[in-house]
Amino acid sequence: MPVFEDVTRALVRELNPRGDLTPLDSLIDFKHFRPFCLVLRKRKSTLFWGARYVRTDYTLLDLLEPGSSPSDLTDSGNFSFKNMLDVQVQGLVEVPKTVKVKGTAGLSQSSTLEVQTLSVAPSALENLKKERKLSADHSFLNEMRYHEKNLYVVMEAVEAKQEVTVEQTGNANAIFSLPSLALLGLQGSLNNNKAVTIPKGCVLAYRVRLLRVFLFNLWDIPYICNDSMQTFPKIRRVPCSAFISPTQMISEEPEEEKLIGEMHEDFKTLKEEVQRETQEVEKLSPVGRSSLLTSLSHLLGKKKELQDLEQKLEGALDKGQKVTLEALPKDVLLSKDAMDAILYFLGALTELTEEQLKILVKSLEKKILPVQLKLVESTLEQNFLQDKEGVFPLQPDLLSSLGEEELTLTEALVGLSGLEVQRSGPQYAWDPDTRHNLCALYAGLSLLHLLSRKSNALTYCALS
């Protein structure tokens, strides 16, 4: 995983481990996630591993009629982090407007990340709503309305106070040492020294709220939203004699891009959600599933390429274009539902580290995905609602079928998602802050297990 992404995710874990603060994934996009910036949510977002947003080139102020702008933003405080990528934290000392985190190893001792939070003051937002309406003929606004896209406004941003060079030395992701990985050809990818310079004012994390657009160019950014709310709600018919406000002349319908899993965040809901998406993938022809597995196998371990594929599918769906998978004897045309399902699983896979993606390739080759899936599923099923850390016994038969090499791969795969498996016992250490990581791993394993199982069956039939 890129150092910048390591930093932003670690920052969110420290500041807001179970809240709605979203880490920024791309350093190059930081200027487009400042307060008042407009962003779009990815098509297949889910609460189970967090919603993700993509930049636009506009701010809310760009869409409003000319007028005065808020003079400043509210500064919610300053925070200082030392050795932030360390896995184990020795102590946490709080003083007014300052938080210092001391760790054990990982970053160079000179690296201290100082951040501040900037947010839109409620009073400034209310004044803006009263004084400036939306510009009715703005091309971007009309384009989003035509495509029925939901727009979100960045309401709070965490930014770097000073330029800092963050150096990651050794393995800052794993929660235990894995010297045996060198024998598996993975040690180089896990222990590279990397560094990134974060400029002053760089946004590292942010919070968003939904923009609502009404008749007569009125707008709002409600504090509380539900999954049926849209930026451009449909207008309902009312009697001519009736007096009704612009905000009442709407008919809310569930949005197509709603946040999956928004109502009940438990393992049963996650499992049902994953099953719905795998059922759509199962509808592909045997050749289509085999082709999808081949394509993913080539991309696993190349996170940038996976993200590029995700953007390609998103763009095709937005433009109503058809997408095909390259396969023999002929290409396979993907339906809209199939593309939606593939986007869901791509979202899960891109949450994993590059190291995990490479381990998945090895696991595919060794045909141990069913064991790994069962391990993650069993752990989530037992602990999903567990809010306290703890060490719990592991069913001995879960890993009994694995040899030494397969066991090392499995320990590394789940360990990089924050689940520490201890052979003595056997037992595992549960940390509720890693739940989202394990949910993404569960979804990714579910897809690859389905595709490899179907592919093996196809191969067997062909040989029979």
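Including glycine, each Cβ sits where the backbone N, Cα and C put it.
Remember, it's a predicted structure, so these values are computed and weren't measured experimentally.
The transmembrane segment annotation in Swiss-Prot falls on one of the ranges 11-32, 99-120, 121-142, 385-406, namely 99-120.
Annotated range for transmembrane segment in Swiss-Prot, selecting from 184-198, 349-363, 364-378, 409-423: 184-198. By the criterion of other Cβ atoms within 10 Å of the residue's own Cβ, the least surrounded of the binding-site residues ARG9, ARG13 is ARG13. Sparsest Cβ environment among the binding-site residues ALA10, LEU11 (other Cβ atoms counted within 10 Å): LEU11. The number of other Cβ atoms within 10 Å of the Cβ belonging to VAL12 (cardiolipin binding site), over all protein chains shown, comes to 21.
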